[in-house]
Amino acid sequence: MRSPSSSLNASTERARLAEVRTYNFLRIEKDDTFDEIVGIAARIFNTPTSLVSLVEEDVQWFAAQKGFDPCQTSRDVSFCAHALESTNVLVVPDAKSDPRFCDNGLVTGEPFIRFYAGAPLITSNGNILGTLCIIDVVPRAVFSDEDKRILASLAKLAVDQLELKRLSQMQRAALCLNRTSQDAIIHFDLEGTVSYANLSAHRIFEYADGDLVNGSINRLISPAFHRKMRAALRKFAVSETDQLSLPPYEGTGRTRTGKQISIEVSAGAWKSAENMSMGLIVRDITERKMRQASFEMLFDRNPIAMWIFDANTLSFVAINDAACALYGYSRAEALTKTALDVRPEAERAAIRSTICSFGESYESSSPGTHITASGTALKILTFARRLRHNGKDCVVVANIDLTERDKAESELASTQIFLNAVIESIPSMIFVKEASSGKFVLLNKAGEKLLGTTRDKFVGKTDFDLFDSADAERFSDADRTAIHAGKKITTINETISTPAGLRLLRTQKVGVPDADGEARYLLGISEDITEAAEAEKRTQYLAHHDILTDLPNRRSFQIEMQNHISKPQPFAVLLFDLDRFKVVNDTIGHHGGDELLRQLAARLISIAGNADVLARLGGDEFALIHRMQTGTDQSALKLGERIVAALSQPFTIDGRKVSIGCSVGIATCPKDGASTDLLLKRADLALYAAKSSGQGGVRLFHIVLEERANRNQMLRDELRSAFVTGQLDLNFQPIYDAITRKVVCCEALLRWTHPQYGPISPSEFIPAAENSGLINDIGNWVLERACIEAAKWPSPITVAVNLSPKQFSGFGLPASVARALSKSGLAPDRLELEITESVFLADTDENIALLRDLKNLGVRIALDDFGTGYSSLAYLRQFSFDKLKIDRAFVSEVAHCKDSLAIVRAVIGLGRSFPAVVTAEGVENAEQCAQLQAEGCDQFQGYFFSKPLGLASLQALFSEEAHSAASFLIYEERSAQR
């Protein structure tokens, strides 16, 4: 059954969903008031179940519930979703007789709804949020108008309570915002009397908490702004608008002590029926103003020629006195120029292009030719950096006249020529300082490259001239240590800031003595070991992290688990892997699969937050450590549900939508274990149980899961022995012709009688065989044994053998069938191989080809449990089956359920069209038999005709048929006596 949401107007549904979501906080904050309402409803109408449900796009959830455990259900099965269609009470006297609900899972299964009445929850906006409903497990023929009125009144009470809760939530949020805001928030009346001020207002204006209330706003803001605000308020008072917002204003404010502070004020006013109120949001910008003033002072008084120009128009917006003096312009003249006007005309186009390419974090230093106001050319070294100035993107430039610097370089030229011949080819940075002054006298090319600078900037300078004081002091201390050590070389590891970032150097320093033995110079050789250190660090990082998603790996996760185990706080381990990932990965390719895992990891990080530890254990398996505050497992369960919900949303990979899902298993510490191995094992057991229950499940560990796993392991271990020691045997269930009522086929059914535990169900040991890898050996044994026995039966009775999907892996199945036929001597057309649609869930093309190989042997192929899979008709189009077996689920309801009868008719019609023999499984009574025969079913199988028989009983049945034309009637009478 589908909900009728598709018939709602799209805009109406959007508005309705938006209003429903404003109540989502009730999913966490349960309220006793709603419990009282559903309790009253249940008592008034004497029903076991009453709910307050809110219907969202895909689910309905319950603000209150009585007699119904789940906290939400899918909207697809929601009765309440139908109530959205009308403002009237929806009454369903008997759900089983109502075509809208007769096949609903909540009717056919728990909680077995028969009677339903739901009054819509209608808000003041006209939106229907959901219902107040009552539910009973027995039908009710009468639900009077008075009953409807009472239920609708209770629904109105629920809506009122919902609105009260929502308003209370909004009030708490607003109060929290006011309390936590770093800006001052102040309310006052038309007379200027303060009625409210938050904590930040008292802090900014230096008042004790509460002292601003009932005082005048005039003591806080400047008279200029107060006059401006009162003028605006007078106009607002006589206007027809009910809200006023003034543009932000920068001015001064006064603290309690009379200190003036710089403030930025946003003001507003609003009217109500009784009065008019005003409010201010005040931000303290004193520090920002001081920084701005400091910058302006540093800029204006700097002896270096500096200017600032607009990064877009290139126009000068500021220039200091030193620049005006160097270039010969007055300040007013300079501010009419652009950054291009001081450069030679031939260079302007290239310079414009360079400036336009500046990035947001652009920094540069370069020499060039500048032109003064008089036309004189200067050799200038410029340092440029991009910044924000007065709200604009600008570039600040420092211009250094190189004349004096060139003179210093000339004096050092002879020394540099000598040194360059020796050291320029050395790849390590080499530098020499004067021992007495600490000034650099040499820096080689490797040093220039490493530091991203030129030696000109170093020679003649000390560490204190070149580096910040902390670094300079550190370098100077190391120099002194090396000098005092004499000829001994001192090796240190030190960091240095370069244009490429912080670099780690291994430096050797030694004092170089003069003729008197006194240290005159300090020689330093520095090797950049940054990459090597980072590679080592990266290696350490990769040892604990997944390279694809950058999440912690299994090793790191287990270490974190051990750390959490050693602490008293309880926690949960959530283990989850992806559903359908292999199919998606095969479809979009490994590159797309990697991108999917990266996006998935990012989505998981946003859900987990900083408090939890998320890891990728390998493949499509992830894990999470969740710290539980309360010591219960509910927070872990809800987190698992959020993860499943988040990962069910589509991902976009290379422009295409990709949908996957996940299942989650949860184990908690210390309840479920206090070791990493045990917790992971038990979370894995919960995960296996979740996946077994269907994709998208969340499961908490329970000891029953471990007991079941132990039993399954026992079955796998015992099954090997059972196979070898002959504990396995075959029974055969006859299949009868619908017209002659004679046996035409017998289905081979594997049985296991354990010497200690007795008969074991195939539903237990067949999966154990599949999981242990025994299924091929056992399957081949069943084939051979069934064929050998069938060869002894009267011809043309056939034998049907079920094949496991696991037997289709590899290419050995056709050979095994041919071997069984050859060994038994059974004619191929007397062997039927039954498969289920699960064979096609993976490697469909390969398995279709394998079926054709089997059919080429001459055997017959039957499709078992037809109609219960995902795409039955598609398989029929790809492969011609000899037999279709109607699943017992449809047969059991064929005489009473129209839908099941329609499916049976459709299958029989398909059988006639292809053609294929149609067999009904699970025929249990004469009514089913008569209905199936009337529809034209070809064959019957079920306990109404015969239970599975051992070989002796089966042979006796064949003997009876051989000696009596009326064997079916005799057998039917004997079955009735049993």
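Numbers run from 1 along the shown chain.
Glycine is no exception: its Cβ is also placed from the backbone N, Cα and C atoms.
Annotation comment: TrEMBL describes 177-240, 291-340, 415-486 as domain 'PAS'. What TrEMBL lists as domain 'GGDEF' is 569-703. Residues annotated as domain 'EAL' in TrEMBL: 712-962.
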Predicted model, mean pLDDT over the domain 'PAS' (415-486):
85
What are the helix, strand and coil residue counts for the domain 'PAS' (291-340) according to DSSP?
22 helix, 12 strand, 16 coil
How does the domain 'GGDEF' (569-703) divide up by DSSP, counting helix, then strand, then coil residues?
60 helix, 40 strand, 35 coil
From the DSSP assignment alone, can you count helix, strand and coil residues within the domain 'PAS' (177-240)?
28 helix, 13 strand, 23 coil
Secondary structure composition of the domain 'PAS' (415-486) [DSSP: H/G/I, E/B, coil]:
39 helix, 11 strand, 22 coil
